[in-house]
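Below: the structure, in structure tokens.
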Amino acid sequence: MTVEESQQMKQKAIAVMTSGGDAPGMNANVRSIVRTIINKNCRAYVVMEGYEGLVRGGKDYIKECNWEFVRGWLSEGGTNIGTARCMEFRERKGRLTACKNLIDAGIDALIVCGGDGSLTGADLFRSEWPSLIKELKDTAIISTEKYDRYKHLNICGTVGSIDNDMSTTDATIGAYSALDRICTAIDYIEATAYSHSRAFVVEVMGRNCGWLALMAGIATSADYIFIPEKPAQTNSWEDQMSEIVTRHRANGKRTTIVIVAEGAIDNNLNPITCDDVHKVLSGRLNLDTRITILGHVQRGGTAVAYDRVIATLQGVEAVNAIIESTPETPSPLIAINENKITRKPLMESVALTKSVADAIAAKDFEKAMSLRDVEFKEHLNNFMSMNSSDKVLPKEITDKGMNIAIINIGAPAGGMNSAVYSITTYCLSQGHNPLAIHNGFTGLVRHDSVHPLTWKQMIGWQSKGGCEIGTNRHTPKEAGVEDIAALFLKHNFDGLVIVGGFEALVSLQQLQDARADYPSFRIPMVLIPATLSNNVPGTEYSLGADTALNSLMQYCDIIKQSASSTRARAFVVEVQGGNSGYLTTLASLACGAQISYVPEEGNISILQLEKDIQNLKDSFKTAKGRDRFGKLVLKATNASLRTWDSHTLAKVLTEEADGAFDAKAAIPGHVQQGGLPSPMDRTRATRLAIRAVKFLEEFGKNNVEQSATAKQLYASRFGETQYNESNEFIDDLIETAAVLGTKGSHLNFTSVKQIYETDSDLIMRMPKNIHWNHIREVADALVGRERI
Ligand SMILES: Nc1ncnc2c1ncn2[C@@H]1O[C@H](COP(=O)(O)OP(=O)(O)OP(=O)(O)O)[C@@H](O)[C@H]1O
Ligand SMILES: O=P(O)(O)OC[C@H]1O[C@](O)(CO)[C@@H](O)[C@@H]1O
Ligand SMILES: [Mg+2]
């Protein structure tokens, strides 16, 4: 940037505001916006109290702020700059006043973080701006100079709302935090419901959108859900719900959980209330029933890691978008699609969102569903299939069903049980026979521990932490391939799902290799990646990574609070993850760590360390004991493993600080393996599990008529064709042993052979391509860390 350009930027004033219902993560968004504005050499402003503050104006409502203003905001719930539902802004008169107030404050651009309503208002404000400012000039309220200077107002939207109701973005800031609050509450309710064998009707928020109710329904394995987009069609909701609840009870469930979205309606658009549902459960089904309305608890508390991360990345993108926009650029909305931060035209997003509400109002539920994203539809279908899984009685699992083996390999990861639960319930709904292999391949070889999984046994597994069927790190070669093959034959497995991390990938590759010698491995096999290290090649996401990240984040928040309460204190937190710096990096972004060291960047260089220490010293000196000033240093265990452990690093930091601060080590250890799986891991586990079973069906014994590959695989298993006759034949079957990878919001199957041979760094036990590297730069920029 030239001096002149830099000078021009300094003239630019960008304001940020929050509006509509508060949402966890709004503070992270504002923090990121304010600091990015300052990093770009512009002046940062906040508008207090949403549109109310714009209409009132003046220095109390439109304030310039500095870097320190947003310190400590990442972990704070709600929105510190206030929000409102402002009637005046809905009228032109109110917007005219807002226009004048912005000009008086010298604002060039505005970033609005809010829901569909707030962004509708923002869109209208921008389109009306030319006429508003002209009226101010024509009525001599502003001068011609001011008119010329502020002729164009650039606006950008970031979507903050717990409802996840905005079209064109896969997630709104706050939605996963609210889902977390809901699932925690329902997990609690489950315990009391179990004790009394009661039914609970739980109302969750979401005026026009059933996302929260649907995702909570999956994550807590609720019995029935009511969402605005899909009321019961074929029979009345009363009959449908009664039939399902009665069946679940008859099959041994002691609790009944029904989730009602605030905006729930029947197919004649009549609202369905908790009282209506209560009447049916207690009156018709004679269940001891209670109602819990979760209300604003859902909006409270600190943001989950995902919300902090997207809020932060979107904040940076919003400022970039504002700086790059010209008077002609249509206002952007910052979205997340396919796990990437994107820009969408604000106007179109608002229009599309409105069309969902219009479709519901016109009773065109099919259209309403079609306007929701693909994942929403898939989740709903999954929920419905799993809900019918107890319809098929064990004796009805006929010869036609497949014997599907399920095994966990590697360290426990959040969502492993959810995956086993979903595989089982989906298998049962399709008439298959799910079989658990307990304690990995060693458990199989040593104890032949294979047991059928039943619907009743599975109750509650969706939300359980740890790994109920047991897990083990040993690969088939370590446990004994020949014995495993004999047991596969004995149990007549028709398909295998492996849930696990890097060892699981190696295991699958070994089984695929051994197909040449052992026909019992000539069955479809699939890996669902699950490890907190998130280091499985062929996927951007492994189950358990979100659970681990949230556990680590909570730990860091507490440690940071302690550091902030003690004068001049830093903590070195040691993070798990093998050779993967994923957890360290994401946690450093989510917690605002001052420094992070990861194995991918090689040994910690002395020069960088020196710079980091100097930077810490400087910031402690300038802070002069002010509050909220504790610092975190995150060190992946394997970063410079041979030279630095956390205690040594802490001691060196203290020594080099010359009294400016002291440092202590904090080691969360296996706390990072989670506890209860996060709602994100639960719902992702379900999606992956059902896709995995569908994959086994595609190449399974019942599909030999439809699929040439399934036919070949089956024939080779029973000796009708020699598997290793020619390479060509082997190649044909390679795709039937695959890794189920996540890429953005898509799920892909890639042959384990390809992943193993081309995508994996086998020595480092890592993928060759690190897809999250860009996050490190953002994390550093937002804490002012300089890199060499
Ligand atoms: N059509 C509109 N024209 C002008 N301003 C609007 C419009 N719709 C909403 N607003 C402004 O945005 C504010 C917030 O809108 P709303 O109450 O719908 O919440 P939201 O932004 O959708 O958030 P959430 O639904 O998550 O609570 C309104 O109080 C109003 O000031
Ligand atoms: O906080 P208020 O104004 O009562 O609004 C509640 C509404 O806000 C939301 O939490 C977010 O839009 C809705 O789910 C809910 O209907
Ligand atoms: Mg809204």
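Count begins at 1; order follows the chain as displayed.
Cβ from N, Cα, C; glycine included.
Automatic prediction, not curation, is the source of TrEMBL annotations.
In the record from TrEMBL, residues Arg85, Cys86, Gly115, Asp116, Gly117, Ser118 bind ATP; the candidate from Gly21, Gly25, Gly57, Gly58 listed for the same site is Gly21. Taken in sequence order, the binding-site residues Cys86, Gly115, Met205, Arg290, Val297 that lie near ligand 3, meaning a CB under 6 Å from one of its atoms, are Gly115.
Less than 6 Å separates the Cβ from ligand 2 in the case of Met205, drawn from the binding-site residues Cys86, Gly117, Met205, Arg290, Val297 in sequence order. Residues from the binding-site residues list (Gly115, Ser118, Met205) with a C-beta closer than 6 Å to any atom of ligand 1: Gly115, Ser118.
When the record's substrate-binding residues Ser161, Ile162, Asp163, Arg198, Met205, Gly206, Arg207, Glu262, Arg290, His296, Val297, Gln298, Arg299 are compared pairwise by CA position, the greatest distance found is 33 Å. Counting only the Cα atoms, the space from Arg299 (substrate binding site) to Gly21 (ATP binding site) is about 8 angstrom. Reduced to three states, the DSSP call for Gly117 (ATP binding site) is helix. Most Cβ neighbours within 10 Å among the binding-site residues Ser118, Ser161: this distinction goes to Ser161. Farthest C-alpha pair in the ATP-binding residues Gly21, Arg85, Cys86, Gly115, Asp116, Gly117, Ser118: 14 Å apart. Look at the binding-site residues Gly21, Gly115, Gly117 and count other Cβ atoms within 10 Å of each Cβ; Gly117 has the fewest. Of Ser161, Asp163, Met205, Arg207, Val297, all annotated as recorded positions, the residue with the shortest Cα distance to Ser118 (ATP binding site) is Ser161.
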